[in-house]
Structures are given as structure tokens and as C-alpha cells.
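A.B. asks: Before anything else, here's the structure in question.
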Ligand SMILES: Nc1ncnc2c1ncn2[C@@H]1O[C@H](COP(=O)(O)OP(=O)(O)OP(=O)(O)O)[C@@H](O)[C@H]1O
């Protein structure tokens, strides 16, 4: 008899109904309106969607790195290895960020300090992780620079970030993030600012390190082409919600949400490199300052009918592991 595979086996992160608001002087922006997804150990999950759909806010909400004065996660749970991160103390959360979940950004200077050598910064990350001597930490820093394939690592250990190229700084940031052997790496558009050749090298490096170290990766990007090349599963976000989730194979074989289909029709030309933002999908994203009635994509959707403007569709499974939030998913998937 064939065993049924458990879709949540090896569950590392389980995000449930995550809701985050930003508070302005006169209005509230509902940046995340109830986001549900999971990440399994060792997998690479892509998060895609246009600018402003909530990709970065999702990452920052998980790590509790939102600006305290203006933002608040008002609902949901972030279960990481059985513990709800939203209920941990600041001290426990620092331990999670230092040891278990690391994040890398588009701009490496978000993580690297300009006033210390790269070697010292990576060594400090190692020392936060475990009780090792300074010499051992520096040795580990050197090993990390070798691992991320920085040429002449002994010399680079003593470089300040400004003495390195953009691609090299990106590698140094990755070395620092992985120095503590995290179980999850959140990568927020880590290659967007780089030129195409370096972009491809850094992507290959992330995939290679993930495979070697067994780190799960949440890979945030606006580029579906990158997801196709690197990820196993993908979630598509629109206006602060997930509109589709699937394995990469299923998403490309049977794109179901009309927004996903529109994104696929506008896959950027990789040869244009950093200019390759997604071409516009006609229409505008709804304001997140007003409560949404109906489907958030209805005004831009060629398939919208009456119900789409009246009731918000929930994410529903079309086949195992593939879900979409669309009233017409059964028809659209067969088009
Ligand atoms: N610091 C902030 N203050 C107020 N609103 C914010 C802030 N950061 C994000 N937002 C709002 O939250 C929503 C989601 O933003 P987010 O940065 O997550 O989008 P994104 O999908 O990551 O976009 P991009 O691809 O441009 O990075 C947007 O409406 C944005 O305007």
C-alpha cells in the first residue's frame, strides 16, 4: 500500500493568519490581511508579487523587526519549531535572530557596518552563536569567506566593506548570515541591485549553500523567472494576502489565480538586468487604507464577475498542495 505523504512533514515555520498594520497620522494601512503559509526544513520557498504587496512586511513581521512606533502585528501566529515567535520576550527573540533565523537584504550595508572589518563582523556573529575564542571565531570567519567563494579570503578578512565590490559585499553579508548555521534564511530581494552576471552567481551560491548546509530559504523576489530556477514551492502575494500557493512545477503548469497569470505574462527580460521590474499589469492596486470588500484583484481582473466584487474569496485547495483564492479558479485553471 502506498503511504500518503504528509504535506506538513518537516515543518519548520508555520505562519497563521498573520495581520500587520501601519499607523499613520490619519489612517491605518492594513499591510498584511491574514497571511497563511509554511516552510519545511531545507526547502526553498519563493514569495513573489508586485511592489507593495507585503513581501517585506511578512519577513519583518516574522522576525519582529518592524518599526515599533508605527507598526504592529495585530493578529496571528508565527510558529517556529513549535514556539510562537510573537509571544517570545525580546531577549528570546534576539537569540532566534542570532542563531536560528537569519536575514539578508538587497543592500548589504543594511547588515554590514562600515566601520569594522568584514572579518571582525563575521567573527562577532560566530561568537554570538556559541562560546568560542576570538581566534576560533576568526578562523570560522575565514572558513565562511571561503565558503561564499570570495577570492583571496585571508586578505578580504581585513577589508572594510567599502573596499569590496557590490557582489563581494553581498557574499560577505551571506557569510555573516550563515555563520551561525541558521535553520532558516530569509532573503529579501538579495540580487535585485546587482548586474545580471553577478546576480546569477549569487543565486547559484545561495542554492548551493542551502543544499550543503540544509538551510531552508524564504526567497522574496518580484521575479518569477528566478523562482522557477531556484525554488521548490512558491506563494504569490497581492495586496497583503496570499492569492496562490503551489509547487513551482504546478504553478507554472497550471497557474490559477488571474493575478498569477498576469504576472506570468509580464515575466521580465533578464537580459535587461536591474531595470527588469515587472511591466505594469493594467489597473491599480487597491488602497490598503480602506477595508477591502470582495476580491482585491477584482478591479484589474479580466475574469471578474458580480460575486468577486462582493465577497472576498479564501485560499482553497484545487489539488493537493495547490491553492488559490479565486471564485472562478475551477474555470480559470482550465483556460
Ligand atoms: N515603514 C512603513 N510605514 C508605512 N507603511 C509601510 C511601511 N513599510 C511598508 N509599508 C506598507 O506596507 C505595504 C507592504 O509593503 P512591503 O514593503 O511589504 O511590500 P513589498 O511587497 O516588499 O514591496 P517591494 O517589492 O517594493 O519591496 C505597502 O502598502 C507599504 O506602503
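Residue positions begin at 1 at the first shown residue.
Keep in mind that glycine also has a Cβ here, set from the backbone N, Cα and C atoms.
Not my notes, these are from Swiss-Prot:
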type: BINDING; residues: 49, 50, 51, 52, 53, 54, 55, 56; note: ATP binding site
type: DOMAIN; residues: 15-264; note: domain 'ABC transporter'
A.B. asks: What is the number of other Cβ atoms found within 10 Å of the Cβ of residue 52 (ATP binding site)?
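C.D. replies: Around the Cβ of residue 52 (ATP binding site), 16 other Cβ atoms lie within 10 Å.
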A.B. asks: Going through the binding-site residues 50, 51, 52 in sequence order, which have a CB under 6 Å from an atom of ligand 1?
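C.D. replies: The qualifying binding-site residues are 51, 52.
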A.B. asks: In which DSSP state, out of helix, strand and coil, do we find residue 56 (ATP binding site)?
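C.D. replies: Looking at the DSSP assignment, residue 56 (ATP binding site) belongs to a helix.
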A.B. asks: Of these binding-site residues, 51, 56, which scores lowest on Cβ atoms within 10 Å?
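C.D. replies: Comparing Cβ neighbours within 10 Å for the binding-site residues 51, 56, 51 has the fewest.
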